[in-house]
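Everything on this sheet refers to the single structure shown next.
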Amino acid sequence: MPTESGSWAAARQTKQKRKSHSLSIKRTNSSEQDRPGLQREMLEGQDSKLPSSVRNTLLELFGQIEREFENLYLENLELRREIDTLNDRLAVEGQAIDGAELSKGQMKTKASHSTSQLSQKLKTTYKASTSKIVSSFKTTTSRAICQLVKDYVGHRDGLWDVSVTRTQPVVLGTASADHTALLWSIETGKCLIKYVGHAGSVNSIKFHPTEQIALTASGDQTAHIWRYMVQLPTPQPTADTSISGEEEVDFSDKDENDGDGDASSDCPTVRVPLTALKSHQGVVIAADWLVGGKQAVTASWDRTANLYDVETSELVHSLTGHDQELTHCCTHPTQRLVVTSSRDTTFRLWDFRDPSIHSVNVFQGHTDTVTSAVFTVGDNVVSGSDDRTVKVWDLKNMRSPIATIRTDSAINRISVSVGQRIIALPHDNRQVRLFDMSGVRLARLPRSNRQGHRRMVCCCAWSEDHPTCNLFTCGFDRQAIGWNINIPALLQEK
């Protein structure tokens with residue numbers, strides 16, 4: 001995960017810079033006698049420092065390439081003419097054969113061949129038509145059950161994490177590579193608080209269970225605890241964002257800067273944390289509160305996770321054992337349990353229920369980086385990986401998963417709803433899919449040229465009790481999105 005802000009913008013600027021300095025060559029159909037004129041035309045306006053001999057050699061090579069393409073084009077035209085002639089001849093011969101008397105063997109052979117062709121044609125047509133009907137039905141159903149409600153736009157770089165407060169008023173928090181964390185009004189999409197205390201990418205954000213305090217992890221090798229006070233604005237009527245099936249077209253190259261105003265420029269700013277946790281020697285990739293909110297855990301690229309006392313900022317435990325960088329950490333909602341994920345293809349369960357000793361269990365089952373592992377209500381852990389799978393584990397039987405979900409793209413920071421235990425999967429390929437704990441696919445969030453994410457989706461977060469939006473997603477297209485998932489209808493379609 002990049003630690004410097006502007007990483008996506010820098011990549012775009014570099015790409016544009018390379019494009020502006022690329023050699024411009026005009027397409028022309030010219031003979032050998034026209035080559036000097038062609039050379040002059042191609043070199044017009046070019047501020048080249050190459051010697052004349054080198055330029056002439058390059059132009060001659062380009063000329064040879066052009067001639068080869070011309071020859072291929074002519075050969076292609078000739079082949080097309082021959083194919084058309086053969087098709088016409090076959091049509092005439094087929095009509096003549098149909099009018100002639102055939103022997104029993106010939107008739108059997110022809111009938112078998114014709115039947116096979118007809119069967120194959122019908123099969124292909126039926127399969128394509130059925131696929132379109134099913135795809136259209138699924139799209140319509142998903143759109144009715146999963147509706148986009150609000151876009152949260154204001155960051156200047158990609159978003160790594162999204163979270164919802166557990167206290168009133170309920171607000172949305174986002175962590176971005178632009179070195180800031182923002183708090184948003186869920187109803188209006190207005191930025192309420194801007195935190196600028198970090199000197200690196202803000203990689204995660206989590207809220208205190210009982211107070212208006214946030215915990216953020218950063219690429220500056222620290223985690224910050226900071227207080228916020230928000231007053232919600234009056235919600236305004238929102239326009240209908242639903243689209244018809246005919247408009248469900250993927251314009252994936254649409255620039256993420258389109259309509260991208262600086263919504264955070266006029267919101268109150270918090271610059272100094274209450275405390276900073278500074279024991280790591282590498283990027284702090286994630287952080288979370290232990291139950292009760294008196295301790296916090298952090299995960300770092302230095303291959304360790306640290307447990308801190310929030311009041312004193314003192315390091316209580318350093319959790320070692322992972323062989324590679326950590327990618328995520330998560331705490332149990334009601335027990336003193338922590339799960340850490342790593343690039344070493346494992347995740348580990350740390351038990352702090354006994355103050356005198358903490359135990360650790362290693363979960364092995366993935367073949368690539370474990371991007372996140374989260375607790376569910378009960379005795380389950382759900383893990384997601386770059387190996388394109390999600391696995392559901394029973395804490396009482398850690399040898400093998402009880403369910404495996406196989407997908408077509410790497411999975412990032414997953415979220416499991418509390419009530420119905422629905423797993424939300426954010427993908428590298430810009431999709432967000434919903435599954436149940438048995439691995440049954442429930443829905444795919446709609447995505448088109450008018451709505452949805454246009455870049456990698458990094459994180460999902462459920463907020464089931466909110467009346468407007470009960471699922472949030474964020475991605476590297478610099479925006480967070482609030483969705484309304486009709487959970488009863490979703491489960492009824494199961």
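Each residue, glycine too, has its Cβ placed from N, Cα and C.
Look at Swiss-Prot and you will find 1-38, 236-266 tagged as region 'Disordered'. Annotation comment: Swiss-Prot describes 22-31 as compositional bias 'Polar residues'. As annotated by Swiss-Prot, repeat 'WD 1' applies to 154-194. The repeat 'WD 2' annotation in Swiss-Prot covers 197-236. Annotation source Swiss-Prot lists compositional bias 'Acidic residues' at 245-263. Here Swiss-Prot flags 279-318 as repeat 'WD 3'. The annotation repeat 'WD 4' is assigned in Swiss-Prot to 321-360. If you look up Swiss-Prot, you'll see 365-403 marked as repeat 'WD 5'. According to Swiss-Prot, the feature repeat 'WD 6' maps to 406-445. Taken from Swiss-Prot, the feature repeat 'WD 7' applies to 452-493.
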What is the number of residues in the repeat 'WD 5' (365-403) that are helix, strand and coil, as DSSP sees it?
0 helix, 20 strand, 19 coil
Counting CB pairs under 8 Å, which listed stretch among 279-318, 321-360, 452-493 touches the repeat 'WD 1' (154-194) the most?
452-493
Which of 279-318, 321-360, 452-493 has the most Cβ pairs closer than 8 Å to the repeat 'WD 6' (406-445)?
452-493
Confidence summary for the repeat 'WD 1' (154-194), mean pLDDT rounded:
97
